[in-house]
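Noted in Swiss-Prot for the protein shown:
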BINDING   Cys377, Cys380, Cys383, Cys426  [4Fe-4S] cluster 1 binding site
BINDING   Cys387, Cys416, Cys419, Cys422  [4Fe-4S] cluster 2 binding site
DOMAIN    366-397  domain '4Fe-4S ferredoxin-type 1'
DOMAIN    407-436  domain '4Fe-4S ferredoxin-type 2'
Amino acid sequence: MFKLFTARQHDKIWDFDGGIHPPEMKLQSSTVPMRIAPLPDQLIIPLQQHLGPEGELRVRAGEQVLKGQPLTVGRGRTVPVHAPTSGMITAIAPHTTAHPSGLAELCVHITPDGEDRWREQQPWADYRQRDKMALLDRIHQAGIAGLGGAGFPTASKLQGGLNGIITLIINAAECEPYITADDRLMQEHADEVITGIHILRHLLQPQQVLIGIEDNKPEAIAALQRALRGQDDIHLRVVPTKYPSGGAKQLTKILTGKEVPFGKHSSSIGVLMQNVGTVVAIKRAVIDDEPLIERVVTLTGDALSSPGNFWARIGTPVLYLLKLAGFKPQNPPMVIMGGPLMGFTLPSLDVPIVKISNCILAPAETEMGLSEPEQSCIRCGLCVDACPAGLLPQQLYWFSRGEEHEKARNHNLFDCIECGACAYVCPSNIPLVQYYRQEKAEIRALDQESARAAEAKARFEAKQARLAREKLARELRHKQAAVKLTDADQQTVDAAVSRLTRQSDGSESVINIPAGQMPDNSAVIAAREARKAQARARQAEKQQARSTEETTDVVDPRQAAVAAAIARVKAKKAVQAQHVTTDVAEAGSEAMAEDPRKAAVAAAIARVKAKKAAQAINPD
């Protein structure tokens, strides 16, 4: 009894809130076998076909390329693109791409040579012997991005799930009307689907693997059951048809009963999901060494006489594919890329097929009905009942129209999956999804502007801090230079101090300054005063030398004779003074007598000078 209860719990499926049941419109393309689209005259490959920045070019105009040759470099979340066939690159220029804005993006234009020659391939039949990181790099370099519509880099998603993944879900629901690409892929390539699942199991090691498929695909269900025969590690879950059961959060709720929190991804609750088309691309990349250069595209609508699914090379113009399906242009022509609920009208039929192009819908005028004008919201609440994400579409609409960005963000605008269920049930014909997309774009633009402003402010503050540091360092260097002597200046100061010391006390002692000690201004002043003293000494020596030279010049004879006469007179007066002094002493006078010795000395000096003068006159 317990085992039966466990089995029923194991096979149980849940339901999600909201959702709608629009006409399916799948039979016109799902009952026809897939066809291979011939090569067009020119392929246009946009450099950015995934969620992330475009890669760096590896080729140039005029270069010959081979099928599968990478055209850009893949690093990080940048997924490379490859040449869909062999041929010549005729141009690398902007071209209109599959985007609602109709803006041109950089594209590589290739003219096929008709040979369809592959680059060298290295198949990995023994992928289980390969390292996990090698497998991830193989998937990344093959340029694989999510083929379900989001275009998230597959290798990055798998790398983030290497640890902590409990459940691996293969999304085969394909819930949007008209689209049958995955349906036909499972019918005709079920074995490749299962092989791709085994590769993912080897990488992620999940506890369980679930395939979720809607019950409106009986042929695909039968094909998968045949491919799974004898394998009990992969479980096929058939779920009721309801739009949008193919949404990641909605299918997670259906198969596991777990709800992904607001603002989170399914990996936060241990679930990782891959689209069935992505699984086939992984198998071909790992085992066959085939990069993502083609995909299945549904061509449908009443404007086509031969709708169906085509294997189309990436870069094939939309108009070329439409002609293969018997396109009958309407007046005015209307072509939608994607489904009727989540797709968008193409700005031009010259745009190329990209990796996320799963459907081209060419409806007739009667099929789409008349376009009714938008009216005011009547607050009926039908959009709230239909929303599968549990949001308040009416409030988000008012916030978007009023440009109340923070309120829209706080009401979880970015959890909107843009499924179009709210617009489908709106009686006022309000294109709610368009408002939400525009509001998201505006918020992202504001966030980018704020980020750029914050970066600019950080750069400015860093610059100001750097300038302040440089100013302080410069002032410190100037202060140090004012007191710090060079080696030559230090030697000069030491020499001056030594000379002053020797002059003052005659010693030979040297004043030593300890190593590393910063001299003060007194040393500089002492050196300056020493230099001044030296200059004064040299000046005095020069003056003394000049005086000596003047003294040693030729003596005037007349001056010598006069000097001799004066000397004799002084000597005579000295003798007379001696006699006068004697008389005065005898008379009892108190006057002081002159010292006879001084007089004798003076007389002797006078005689010597007279003799020298006579010799100067008569040297012989």
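Cβ coordinates are placed from backbone N, Cα and C, and glycine is handled just like the others.
Each residue in Ile378, Arg379, Gly381, Leu382, Pro393, Gln394, Tyr397, Cys422, Val425, Pro427, Ser428, Ile430, Leu432 lies on the same chain as Cys377, Cys380, Cys383, Cys426 and has a C-beta within 8 Å of the C-beta centroid of that [4Fe-4S] cluster 1 site, without being one of the site residues. Same-chain residues that are not part of Cys387, Cys416, Cys419, Cys422 yet have a Cβ within 8 Å of the Cβ center of the [4Fe-4S] cluster 2 site turn out to be Gly18, Cys383, Ala386, Pro388, Ala389, Leu391, Pro393, Ile417, Glu418, Gly420, Ala421, Leu432, Val433, Tyr436. Long-range neighbours of Cys419 ([4Fe-4S] cluster 2 binding site) (same chain, six or more residues apart, CB within less than 8 Å of its CB): Tyr243, Pro244, Gly247, Leu341, Met342, Pro388, Val433.
Cα of Cys426 ([4Fe-4S] cluster 1 binding site) to Cα of Cys387 ([4Fe-4S] cluster 2 binding site): a span of 11 Å. Each residue in the domain '4Fe-4S ferredoxin-type 2' (407-436) gets a DSSP state, and the totals come to 17 helix, 0 strand, 13 coil. Each of the binding-site residues Cys380, Cys387, Cys426 was scored by other CB atoms within 10 A of its CB, and the lowest score goes to Cys380. Cα-Cα distance from Cys387 ([4Fe-4S] cluster 2 binding site) to Cys380 ([4Fe-4S] cluster 1 binding site): 14 Å (rounded to the nearest whole number).
Of the listed binding-site residues Cys377, Cys383, Cys416, Cys422, the Cβ environment within 10 Å is emptiest of other Cβ atoms at Cys377.
Annotated pair Cys422 ([4Fe-4S] cluster 2 binding site) and Cys380 ([4Fe-4S] cluster 1 binding site), C-alpha to C-alpha distance, rounded: 12 Å. Each residue contributes its Cα atom, and for Cys380 ([4Fe-4S] cluster 1 binding site) and Cys416 ([4Fe-4S] cluster 2 binding site) those atoms are 20 Å apart. Taking CA atoms as the reference points, Cys416 ([4Fe-4S] cluster 2 binding site) and Cys383 ([4Fe-4S] cluster 1 binding site) are 12 Å apart.
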